[in-house]
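The structure under discussion appears below in the form of structure tokens.
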Amino acid sequence: MHHVATAPGGQPASPRLLQELAETLQRLRLGGPFYLLLWLLAGAASGLWERARWPFLLIALVFVGLNVLRFRVRGLPDSAPEDAVRRRLDWIWTLLLINSAVWGVAVAWLLLTTPSESARTVAAISSYAFATAFAHNFPMRLRAAFAALCLLYLSTLGALIANGSRFELIAVSCLYLLYISLALRRSHGEYRQRLDLEDELRRQRDLFEQQSRRDGLTGLANRRRFSAALGDWCARARDDGNALILLLLDLDHFKAINDRHGHAAGDACLCIFSASLQAAFPDTGRELVARLGGEEFGVLVRGGLDETVRRADMFRAAFAAQPLALPDRELHCSVSIGAAAFDPRRDGNGDALYHAADTALYRAKSAGRNTVAVAAPG
Ligand SMILES: Nc1nc2c(ncn2[C@@H]2O[C@H](COP(=O)(O)OP(=O)(O)OP(=O)(O)O)[C@@H](O)[C@H]2O)c(=O)[nH]1
């Protein structure tokens, strides 16, 4: 029985979620130092350094700590389970929200306690700039991003109102909040659209990839996939010393079936034959069944020669004995098989192994067909 492989700890995360983590992480690292820098600038301009040195330094220290945490968050491998990726994203958003809350509180304190107009302007502009940057850089989660935006912005707005700032300034600030909220919503929509598009591209790519490795008529692996596997499996057999067998199979007098019963009946025979062959060699981890073209098939088996030849001969005999049931008639057909074992001294990249099996197949045909011929070792 075959099981779908799952990452330890749960379902593997989707490429979409992994992409969200990678992009959130990248932007997380980008913004952090600016909070510290602008806090130091606004603090120096407002005279907080002289008036309230320790609280000012404490807040600077919190920004340093948050920066360290931002840079310590690591990405996860592509095989990471979905739960782990979600937890990592939750942690990043917690950091972002804490960062926004600390900025909001710190700036409100500065605005309410600082008489210096220029320092208050620096602080207020910084809040608006951070909120704008946030709306454009973190559209991945709409509600959390909106909460961060409010934490960054509303305390500044509240402090301006409490300070008795001019009505026009407050009205412009409210309008700007509305604008960046709408901008956030739009960038969230665009972000999701982009991920949808990339999902679709990935799906198409996987489909093409799969189709380029499958035979269109029978659904078996095609020659391209077989050739790649032949090289890989030979290299592995050379490394681990395990036996590797190649079977080449060719339907007997197939041209006569086509000529007598038509091409569609020939196609149906090929499909029935493919299904029986796949059923006879079903272990996809240790066996690969492919259609190499026309009525020629190949089977790679990681296993001993005697046992594989015995199975191949059983398959041959069963196939010849059982008529092929087409929708409108029954046909008799047989197959000739050439078998060869991988020999590390002879077979470099698989070409020699293929040649050996092909020569054995030729002998099987010459010997009257419906038989298995085995290549001599070496
Ligand atoms: N129906 C059908 N026929 C195919 C397909 N591909 C190749 N063929 C036919 O397979 C036949 C192969 O014929 P030959 O190579 O002469 O071999 P054979 O008649 O099987 O004779 P032996 O191999 O010597 O036993 C040709 O008539 C091809 O047209 C296919 O996809 N569908």
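Positions of Cβ are set from backbone N, Cα and C atoms, glycine also.
For 30-48, 54-71, 91-112, 142-161, 167-184, the entry in TrEMBL reads transmembrane segment. TrEMBL lists 242-377 with the feature domain 'GGDEF'.
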For this session: With a Cβ cut-off under 8 Å, give me the same-chain residues at least six positions beyond the ends of the transmembrane segment (54-71) that come close to it.
Result: 28-29, 32-33, 35-36, 39-40, 43, 48, 95, 98-99, 102, 106, 109
Seminar exercise, completed: Same-chain residues at least 6 beyond the ends of the transmembrane segment (30-48) with a Cβ under 8 Å from one of its Cβ atoms are 55-56, 59-60, 63-64, 66-67, 70-71, 99, 103, 106-107, 110, 113-114, 116, 118-120, 122-123, 126, 130, 133-134, 137
For this session: Residue list, the transmembrane segment (142-161) vs rest of chain: Cβ under 8 Å, 6 or more residues beyond ends.
Result: 93, 96-97, 100-101, 103-105, 107-108, 111-112, 123-124, 127-128, 130-131, 134-135, 169-170, 173-174, 177, 180-181, 184-185, 188
